[in-house]
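S.K.: Quick one: structure below, then a few questions.
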């Protein structure tokens, strides 16, 4: 009974059984698979094997050779070992014990067991929960991460409500001593966020607050163990999870997290005694989890399209330097909600500019679409014109000669006699008359990042003095984020440039550390004496004294554009979460993914500590770029100095 | 009157005159040089030139073209510009002003002036004191650092007693808001400690505590301005400096720091009016500084030898893998104090092992020198034998066949009939009898880092059960340090390996952030059942709540070896500062420089905050290496994981 044949939930379609004792590994694994599970989490060493200290062993050379500490690798074939077994290390190991001999034994055992797991090419090893400051454990993990080829290390982290813990804070490191997250963050920092180091959350009876849970979304959580005590029993005697547990588990399953189910003691015994009682109750909990999994709604068509883009780093477009390809236009044109917004904006604008009487008298409005592409804004404008009975003369200006061909064909096919196509860069175009309305869709994920300000400044010279630009204004927003995967993906390129480049990303395994703050605003037309599109913003995200600790991997950026605001209407187009534009079917507009600005080094944000950052929009003779830096909780380097790593060409 | 023709004080032999106004640059520079000074610190822009905001300028196109903001570069030739003039930026500039137009003007002016300085190829530009959190200023500095070819930027930092300042601390960044050091540390962090960014300390009437002063030694202080108000007048009416000022200045002059003397207002006027009054008083202060400079004792012969090694990174020796060269032996043999220690140790040991009666009866002691090199320990042992009248049979074991030749010649030349030379690795040697005393000098700067433990463990098999090793034990010590130059030199290699390698260094521009703490101890002979030379130490340096903030670039390491301790004497050989071995002439033993363990990223240690670090000595089948990490004030990566960057071959 594998969970389901679903491709949209990735690794979460894999679930396992965790046992503490496993007398007969072959039978135990066979039972697990027969029970519908995909893998077994079993101890790497014989549970009764307690490695005597090296000193003690050497003292008695006449003692019999010790039994091997683990089972023979011949018990299973290598495909089974590598795909159906996750190993777990011995529970007695404490590599940071204050007792030096105990520590030495622990270290030797940990090395032996990890070495064995690597020998078996296991998919993963489940490691014990780290303690804050456990540097020796961190170092051993770090050494293995550098040597392992494909075995992942999952560190078990208990998910406990920090409110229930002593709130002691280490004055020097500002870390909450009893918060398991801090211990995990310590380990991760020591290992520099190695991509093979992941978390296995251990969910018990109590759950932290929603905010505390949310911070795990951006962390590399690979698996969740739902402990027996997390379950309650319903009226019919079946195990069920409380509502918040259900919600959290569902949200993690949607993010491709696997679920090893711990077997209770009886079930463990079952493997060797043949008793089915314990197994029965484990199975019931398992069936409940399957039920939860199946309840997750199937992905919508749009979600399936986007699934391939989730947490995938894309370099932002360079629309001024490059010509878009047909497929890119097609992708953009798919999002009806965006063009509905534009239609509404043009509609309101026309109603405000042309009275009913003037409209009846046949007054024409000159509307210019700059960057007309394959014509969707022309179509939206014409639809608005039709709806309100205001006549238009339309100029469609487009620099891409390939798109101009589509545009000309479209005009001919549709019989749009009032539309003139101009094949020209808007900064150099020379239209025969000035426009009442200038319509453009030049915004990037961060608003101005595809150089809309520079383009519209150039184009506004063919706008009448009282002419209107659609959009009239746009504002960018930034929020500090946890997104271990994105950071590691940028890091994997192995150079500075990729750590100083903003990316367009469908954020999925990403948690915001604070609400997005306003960054830059641009207004059009710009009637300033000296137009200056350079910008500087100092951003401070206030966090409550009782807010939790988090790891910052960079910033998520959004925009909100005011397409048109006037007596006849106020139309925005936005990917800024609080005002995100919704399509007619209730789906969020998907034309723009957010933008991700990475940090070269992850920053630990202590509990209750504000985040402060600086963002600059810089302008040179031939390029525009951003620079950014963090100055609280600590001062970091300035990123992308002089646009050395990333810039947009003018 | 140049300070002196001394080569041992480098840049400190250069002194300049700082003026705020300089009507006639050519004459002002000529006067400066005629007055015995080496360079002039003058404003880059006309002091009356206040750049109107770009907006204001554009509003009035009919206004006359503005006067050029700076003097023509034709006034001086390029050699004069680049060696005799240091530029300073306009005092009104505030690139982080809360007023956006003022900020824009400041930014434009700062760019203009820095651009001008780069055009003139000035040796340096003196920049205004940074403010804590002045990110825009930091960014502009950072942009120029990336573009300048050889002009250095000196940031003026007032040296004030933090006790006199409000002690407010920013809760988020843990930085003392009013401490100018914090503002400097902020700027440096934003610019990633760029090597062309330096400090110009501004010394006024009050001085901070000695500890606060000491932290500047490891910072890149390039120049010190001694302000007029720092001087008092002595009975004869001459300007003099208070004693602590003298001491600080002397210590900085010894570290190659230049001294621009500020001219007072009258002196500045002198340049244009021809009055000599102001100049006279400036000159008297200058003459006093010359007097201070000349009072610095000439370098000793040893100091002159060491001058070339100051703050110079040397890779530690690999004596097991490589054979030392003749010159290296010669260098080591020069240090009489070391061999005096060994002689005393052997003397005490022989007195303890052989009673006077036994000595009189002709009892012989078997003494084995392992790693005899060119024989200095043989000679020291024989001297000790002679002094106490105990007979010796000496075996000199040496693996380097080249050194063996010297040794054999020496034995023949000196007629040492009781010395046998054995050409063999001590780990493989097979001497005809067991030894009473095993003498070795295998210690590195960090004690065990040249594998003395492994060598002596191998050699102890030819030691009698009650035999003695000289040394009997050794302990290593570590202290967190500020040493910007060393860090930058390691960084300049541009790879990970050089940031994870310990270096032997004559520490000079280096300040200890806390007293050295004990790390590892080894004892010989080692009678443990299982000899384990791997080690782990968790180190915590407690700092008083009122200790100052500092920047940590790594750790300085030392050792203290107990050569011999017994009833007849207790002889140590040490470079651990509190017990540093002194030679007969009162000079410290110089055979070993300290060791420097770098950190990949400098760590800001907030005021009153402890430092915690971990150090491991790891052992593999064919190599020994260290790993280290910092865990307070914040958690950093583990360095040299698996010995990936540095190791010593067995």
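Keep in mind that glycine also has a Cβ here, set from the backbone N, Cα and C atoms.
Because TrEMBL annotations are produced automatically, they should be read as predictions rather than curated entries.
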S.K.: From A:301, A:386, A:398, grab the residue that TrEMBL records in the same S-adenosyl-L-methionine site as A:329, A:338, A:339, A:425, A:426.
M.R.: A:398
S.K.: Looking only at A:398, A:425, A:441, A:450, the recorded positions on record, which one has the least crowded Cβ, with the fewest other Cβ atoms within 10 Å?
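M.R.: A:425, out of the recorded positions A:398, A:425, A:441, A:450, has the fewest neighbouring Cβ atoms within 10 Å.
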S.K.: Once the chains shown are all counted, how many other Cβ atoms turn up within 10 Å of the Cβ of residue A:329 (S-adenosyl-L-methionine binding site)?
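M.R.: Taking all protein chains shown, residue A:329 (S-adenosyl-L-methionine binding site) has 18 Cβ neighbours within 10 Å.
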S.K.: I need the CA-to-CA distance for residue A:425 (S-adenosyl-L-methionine binding site) versus residue A:332 (site 'Critical for specifying symmetric addition of methyl groups'), whole Å please.
M.R.: 20
S.K.: At its widest, how many Å does the recorded S-adenosyl-L-methionine site span between Cα atoms of A:329, A:338, A:339, A:398, A:425, A:426?
M.R.: 23
S.K.: Can you give the mean pLDDT for the domain 'PRMT5 oligomerisation' (A:474-648), rounded to a whole number?
M.R.: 95
S.K.: Recorded positions A:338, A:398, A:426, A:450: which have a Cα within 10 Å of residue A:332 (site 'Critical for specifying symmetric addition of methyl groups')?
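M.R.: So far as Cα distances go, the recorded positions lying within 10 Å of residue A:332 (site 'Critical for specifying symmetric addition of methyl groups') are A:338.
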S.K.: Let me check the 10 A CB neighbour count of residue A:426 (S-adenosyl-L-methionine binding site). How many other CB atoms are there?
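M.R.: A 10 Å sphere around the Cβ of residue A:426 (S-adenosyl-L-methionine binding site) contains 25 other Cβ atoms.
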S.K.: Pop the Cα-Cα gap between residue A:441 (active site, proton donor/acceptor) and residue A:339 (S-adenosyl-L-methionine binding site) into the table, whole Å please.
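M.R.: Rounded to the nearest whole number, the Cα-Cα distance is 10 Å.
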S.K.: Cα-Cα, whole number of Å: residue A:398 (S-adenosyl-L-methionine binding site) versus residue A:441 (active site, proton donor/acceptor)?
M.R.: 12
S.K.: Restricting the comparison to the recorded positions A:329, A:338, A:426, A:441, which residue's C-alpha is spatially nearest the C-alpha of residue A:450 (active site, proton donor/acceptor)?
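M.R.: Checking each of A:329, A:338, A:426, A:441 against residue A:450 (active site, proton donor/acceptor), the shortest Cα distance is to A:441.
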S.K.: I want to verify one value. Collapsing DSSP to three states, which class is residue A:398 (S-adenosyl-L-methionine binding site)?
M.R.: strand
S.K.: Name the residues of the same chain, 6+ apart in sequence, whose Cβ is under 8 Å from the Cβ of residue A:338 (S-adenosyl-L-methionine binding site)?
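M.R.: Correct list: A:332, A:441, A:573, A:581, A:589, A:591.
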